[in-house]
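Working notes, beginning with the structure itself.
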Amino acid sequence: MLLVIDAGNTNIVFAVHDEKGWRGTWRIATNHQRTSDEYAVWLLTLLTHARLTPADVHAAVIGTVVPAALYHLRRLCRDWFEVEPLVARASLDWGFDIQVDHPEEVGADRLLNAMAAHQTYGGPLVVIDFGTATTFDVVDKRGAYCGGVIAPGINLSLEALHQAAARLPRIGIGRPQSVIGKGTVAAMQSGIYWGYIGMIEGMTARIESEFGAKLKVVATGGLAPLFSEGTQVISRIDPDLTLEGLRLLALRNPTPFLNRDRARMVDGD
């Protein structure tokens, strides 16, 4: 069984996968102060609830955009699961070209999304990830990563409005019925929702124009379903895209086992 860890700026997602598919997925808020032992107490409780044990895990892979979390996540894998985790980075075997000026600067999550989207849906395509940042990543027909766009995330934009403007409240995200708001909250919701819909549509059109081809548009991230309701541009929603990318990367880059008595990998892990 493969332990998959996707560490983002807001949340860390843990998942396990075997020949039958995804056996469990769990999410915890990102906290730079949390230790490997604290992760272990939390995760082992959830594994027990799923009728799994650390001995069921034979490999691990970590994707992170939070360097401060990596040390403790590695220790978690080594100390509690006795496996040496693969850490996603540009220098690994991805199975495709990374056609940007500085590949090492590209966030692992963006490459993982590109890998999984092309494997699942074929190219050419663009992946829109509604995360802490809103990213657009372009993949050509052969699967090569062509670069993309990074914009402020939706929650980040909302928080910036609240922090920078004394009279603007902190609000939740929802789809307003009309563009023209009749109150402050409605106006803010419209600005965020329809403003981002406009960016999605406008940016996709500009990317397609520059790329010279019609692209499939795959969306991921927690807010993907909400924003897909407001546009016809998004053709697929895949909430597990980054996890699937980590699984595929682990298949291409097997790692040594710390405990040779458990040195086996279930077919399909």
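Even glycines carry a Cβ here, placed using N, Cα and C.
In sequence order, Ile12, Val13, Ala15, Gly63, Thr64, Asp109, Leu112, Thr242, Leu243, Leu246 are the residues of the chain that are 6 or more apart from Asp6 (ATP binding site) and have a CB within less than 8 Å of its CB. Residues or ranges marked as ATP binding site by Swiss-Prot on the basis of sequence analysis: Asp6, Ala7, Gly8, Asn9, Thr10, Asn11, Ile12, Val13, Thr132.
Around the Cβ of Thr184 (substrate binding site), 12 further Cβ atoms fall within 10 Å across all displayed protein chains. Annotation comment: Swiss-Prot describes Gly107, Ala108, Asp109, Arg110, Thr184 as substrate binding site.
Taken from Swiss-Prot, the feature active site, proton acceptor covers Asp109.
The K(+) binding site annotation in Swiss-Prot covers Asp129. Long-range Cβ proximity for Asp129 (K(+) binding site), meaning a same-chain Cβ under 8 A and a gap of 6 or more residues, is found for Asp109, Arg110, Asn113, Thr135, Asp137, Ala219, Thr220, Gly221, Leu241, Thr242.
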Query raised in the report: Which of the listed binding-site residues (Thr10, Thr132) has the least company, meaning the fewest other Cβ atoms within 10 Å of its Cβ?
Result: Thr10
Requested in this report: Between the Cα atoms of Gly8 (ATP binding site) and Ala108 (substrate binding site), find the distance and write it as a whole number of Å.
Outcome: 10
Query raised in the report: Near Ala108 (substrate binding site), which residues of its chain come within a Cβ-Cβ distance under 8 Å, counting only those 6 or more away in sequence?
Result: Gly63, Thr64, Val65, Ala88, Arg89, Ala90
